[in-house]
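Features of the protein shown, as given by TrEMBL:
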DOMAIN    B:58-117  domain 'V-ATPase proteolipid subunit C-like'
DOMAIN    B:144-202  domain 'V-ATPase proteolipid subunit C-like'
TRANSMEM  B:12-35  transmembrane segment
TRANSMEM  B:55-76  transmembrane segment
TRANSMEM  B:97-121  transmembrane segment
TRANSMEM  B:141-171  transmembrane segment
TRANSMEM  B:178-202  transmembrane segment
Amino acid sequence: MAESRNFSKGSIMAFIFFFAAFLASGSSTAQVPLLMWSTKSLPSLTSPPAGHITSMEELAAYLSPVFGSGSNTVLLFLQDKLSKDDFTMFGGAFGNKQESAFRNLEAALQSSSSSVSFPALEWTGESAIPTLLQQKLSASPLLVDPDTLSHLSLNTSTSNLLIINLPYCSDSLKSCKEVLSNNDETIGKVLSSLKAKDVSYTAAYTGLQPSQVISKSSSLNQQVGRTLLQAPPADVKAPIIFSNATGRPCIMLWAQNLTISHPGSQGFIDLAKENASVDGSMCNNTNSDNFLFFSCRFAMSQRFYPVSARNWFTLDSVQVLVRPSGQTASFVGRHGIYAPAEYSFHCQSVSSFRDTLLVPANQNATQWKLDFVDFQIQGFRLANGTNFSYASDCAGFFTAGIWMGLVTSLLLLLIFVYGLHMIMQLNTMDRFDDPKGPTISVPQSD
Amino acid sequence: MLLEWMMNGHAILYTGVTLAFWSTILIVGICYTIFDLGFRFDVAWFLTETSPFMWANLGIGLAISLSVVGAAWGIYITGSSIIGGGVKAPRIKTKNLVSIIFCEAVAIYGIIMAIVISNMAENFSGTTPETIGAQNYQAGYSMFGAGLTVGFSNLFCGICVGIVGSGAALADAQNASLFVKILIVEIFGSAIGLFGVIVAILQTSKVKMGN
């Protein structure tokens, strides 16, 4: 019992490792097939598991004993592009052998003394295989074509590397099948001329690059789970913080845009382009002044309101300092910008000309326009050092218009329901109905 | 008996609606209190942000509609009595039309007040509470109040006159000499409608809407 349990445990571990290796090996992308056949006997190759991509090191390790001793003649048919799928598509794999474009190739493979195939060879670069063969044979490659080969005399005492370039159907003038059939004929011609020379050779058929690259990234590498199709959030600027004398932050301000337009100009000045400095700011329990960007002053104050029995703060004024003349344009924000003192105030749009929260207070201010977008400010009781407290928003759940509509329509609905109730409880009077009694008599005369 | 009352479909509907309404209010209120958002419940914000025009027009609408409801109710009560009594005593028909006229007067008060109040609504150009100004707010609220005043007093006056008139018609059908005495009761009843009109006029005497 113990043995069988160990065995099953071991087999499960083996399965897991195999599975992991299988998945890991499926993570590379480009691969080319390599077919090799020879007049001498090639060492046998254990057929690799399906999907396994042979690395160049493995190929080099396999080729070392093949070309290690003596002189070899290697014929390399190098097609521009080749993939496993070309064999599937054009190789008559669907029971239509007579239409196969690789007849000579198949005949050569079958009639050779031995043949091996690497269905998936890792493709690292265009000249990987020729370079490897060159290295193994220590012979420089010779480019031939079928016509020159017949006239070529081979020196069998040294190793020879003959490369025949075959085209691929990159241009659409000829169909792929035609091109591959022509290549196949070339292969047949070359092999027959080599046979006529009675030379022992090893031939290989492969591609310079894969004709189709199917990227199979393993699921282990991929992000597990769905990701939302949204743009990554832009970097968020930090809020402007002013700390009091003891170093504790006491005023915080944040806005997406602080823009001012001065009279006479069409556009808006974006204050964020200027340098931010908070010198001159001050804060104590009742007042906070934030001097911002050397031209904008936010003055806030806090006091206790007896009706609501809590402290509220208001942004009393925003003062814009006009640089050259030293005048100030001040805007009153007391009426619209307020929040309980322990919370921060947030509003999507704080402006002086559209849904005004900042009302011009002096003559200069009527010519200026302020527009703050996504504005948040807190001047008192900053609880945590760098966080705003709860943001009391300028927009409530219902707007004023919604309230007006609700009041009116609910009133009308109430009236309607009341009337409906009255009508629905009208009944015919049947108190004095007596079906068995005499009918009433109505006198004809007055 | 409660069960019989409950079996009435209307009662179930009203109970359900009332329950839904009050439970919504209760739950919303509890949530706001728990999260310390009670400061959001701002009556002053509601009164200053809602337009004075809403209040004015609600007043005008209620003035005429409530008055008409009162008149209609009174006429319905009196009319059915007159018609019913007139079957056996046709002589009551002409004399008892006076009751109908007293009820109708209530509707006339209502429409007159509605026209008077609506003439006070003028355009103003403010959009924020500060720019609208106190006078416009006062105008809006006064018109609303006047409309309510005249509307409700006419409503109850009309019902009162109607019931009294119904009694008058039936009494008249029995004994012709009773009618004149009962008419005095009706006159007292219709005076209260007039009180409502007078008070509404006083309420809107200081109304000045506009810039």
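Yeah, the Cβs are placed from backbone N, Cα and C, and that goes for glycine too.
Not measured: the values here are computed from a predicted model.
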Using DSSP, what is the helix/strand/coil residue split across the domain 'V-ATPase proteolipid subunit C-like' (B:144-202)? 56 helix, 0 strand, 3 coil
Whole-number mean of pLDDT values that fall within the domain 'V-ATPase proteolipid subunit C-like' (B:58-117): 95
Going by DSSP, how much of the domain 'V-ATPase proteolipid subunit C-like' (B:58-117) is helix, how much is strand and how much is coil, in residues? 56 helix, 0 strand, 4 coil
